[in-house]
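Copied over from TrEMBL:
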- A:14, A:15, A:16, A:17, A:18, A:19, A:130, A:131, A:132, A:133: GTP binding site (BINDING)
- A:2-183: domain 'Tr-type G' (DOMAIN)
């Protein structure tokens, strides 16, 4: 056990976490030439393309240091706020963390909140200044930022470059020298923490865990504490680039477990694994059932594909337990599902995976958060509203509550004014403003979560010229003055375009919605009026003029291929449209409310 | 693909076509996105290359005979009679040509002096396609045409004395041109007793001067409501004067349909000679590089600078829909069934249904055709009937 080191990496998106992890694998000889590819740990195509980590991953490296063999377990964590619970569990599985900071961009909000998590868990922090080879690197100043934040010695900050491999030896040295070996008692009953699970088509769910006490043996009868389910450990082993089956995984080590579980729902991140016959009394703290934060309808473009969509969603849920869905129906879109996501990125990922992995063309409706409505009849009982059309008749409603968050934003002092105005526009209340350094300011706000859903990230990026980072956590429900904004096309209400918004913004959003839809819905052979309404009151109106000319007048022999391809492309575009009444609505129109400021 | 077009066709083409692209213009019309150069420096080399390409490709048509030869551009009227004859000789030497082929020269009014017209009338050229576009000075200026209104009229007076088979190009939907002016343009062509008219809506192609000028606000944008009204005026006027609206942009009196253009819409084979020219074998389409120097260089080393695309059944179906709907011959359900199978026919009928109800399409016996009401929307309709 004294030669095991468990560590994770804390970093902001784009600060080079995955590349540096690749270098560590390289340097320790954990990958052969043949296996090398960029972002090794990000196994989903989507992760590689977007340069993000969606799932947690783990890999074991062997490393000889001063003549001794060490086992280094690296747990790679997602870097996006949508997945912060996964991050917290990965942190709980480690004794140390590499804090990777981009030498040009310095520390970001997301990094700080994860750093605090690591400190709360008593992790040894090894600060690494990455990308020091970049011309824009500012090592002195960023080192000062780190020193101030951690209270460490400037010498403790390791300079590195994931691109060139510079400093990788120093990092490994620090991992061994500074991070404590795991503690734990091999003789106690099994106590292991689940920090992730992965779905494998052939083998079912693979559970990733860290053993704190005791050991887990092949064939052992085990129990998952939170779900209260029992299994046999069909296979256990450690995680190299491929899995290495073992007879047992011992105290302090990280490994995988296969039990024949078929659905991800049964394996909850944060749960404790213990022995069935001799269970531990020591449950690992901090388990939470992850709750979805954002809800949206997902509908097949072709109504006939409903069953296929259900199958696809079920399969997706097998390896993404945080996706929840229930059937719903819309007057405009027919049968579909109301889905719950961890956040907006998670929603985008699900939509993209449905299209890529299952070849489903879907329409996603306006996302919303989960509201609590109280009726006059039952003023103490919350009625959960996950869909705007579920909001009871306004005359019967006593009050509506919406979820609030505490948001932390770190930006340059030049942009404080802009960021502040944006947050106030988004109904935020300023709580605090701290100068981390003369140039860097941390702002904290209380804000309705719903405002984050509506184009907050993009706006924040714009007003801060990209120099703002953002993190949040939920703080509970608050009463708000909310109304439902309905959209009518050709005088017919389209329920899938309805949104719950704050009464004070209704006029403005209604107007922008009409303008945006006018831009997004292609002209048809007749005029299409677009109206925004609150109840029976029309608050805004636009008209899409009828299409009068849709023909290429000149068509020479030479144009035939080109023109055919053009019309084929049009036809493909139409496949992604949904006919509602006699109006054809493109997919993007259903998300129009998110892009009102583009 | 060879389609049976008998019932309504006054021009059923037996032969195949040769299109020769002359990529030179004296000046650039603001709306044009065809391939051309305003520098005549490479003219001699290019003509040599055209002749060489004709030789290189002489076996492509196998046993088919050539029924139409078409000089397009660019502005083919920049060629001298001698140059035209050299090219035509290469055609006649290397290809089997029918007894009375249609031989068209596209010409601009400013090139058609009386002496030039007389010269041409003594050559094998037997059809002129004259790029008049408008008889109004303001229109011609706005489009940066090389001729003026007087030249347009004078050239038609002369041309009609020496040529019987003449086509005139007219453009409608020009910003600032009133319906009255458009009416006058139509009337002027009718007064000259021209037997064929090609008429196009002014279209703003990306990256043209017109596009840039409109974006800068120097020229008013085209207005589709104006174009639509003028399109219907055209149909009404010309059909009332004995023209058949045989293709979306083409009107001909009996016996004067363009053999060359009909070949495109009837799925006949054609060889396109010259830079940017397109060819069609029935099974594939190919196109030469749109660059004079590269074209010349490749041909000189006896290689064809072309790209080729083989057509799948699906492609062929889509093309038949697209071209068929543009013409008086329509889309024959019988042909769809025999050529592509009953699935395609069923699909086509299902997709057509809503347009039949809206009277944008109609069935003439077993043939699907576009109505006058549908004509200006035909791209969207064709696209809807496509299979992908």
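Sequential numbering from 1, following the chain as shown.
For all residues, glycine too, the Cβ spot is worked out from N, Cα and C.
Automatic, uncurated: that is what TrEMBL annotation is.
According to DSSP, residue A:14 (GTP binding site) is assigned to coil rather than to any helix or strand. Sequence-distant contacts of residue A:16 (GTP binding site), defined by Cβ-Cβ distance under 8 angstroms and a gap of at least six in the same chain, are A:100, A:102, A:130, A:131, A:162, A:163. In this structure, the binding-site residues under consideration are A:18, A:130, and the one with the smallest number of other Cβ atoms within 10 Å of its Cβ is A:18. The DSSP secondary structure for residue A:132 (GTP binding site) is coil. In the shown protein chains, 14 other C-beta atoms lie within 10 A of the C-beta of residue A:14 (GTP binding site). Comment: GTP site residues A:14, A:15, A:16, A:17, A:18, A:19, A:130, A:131, A:132, A:133; largest CA to CA distance 17 Å, whole number.
Neighbour density for residue A:132 (GTP binding site): within 10 A of its CB lie 21 other CB atoms from the protein chains shown.
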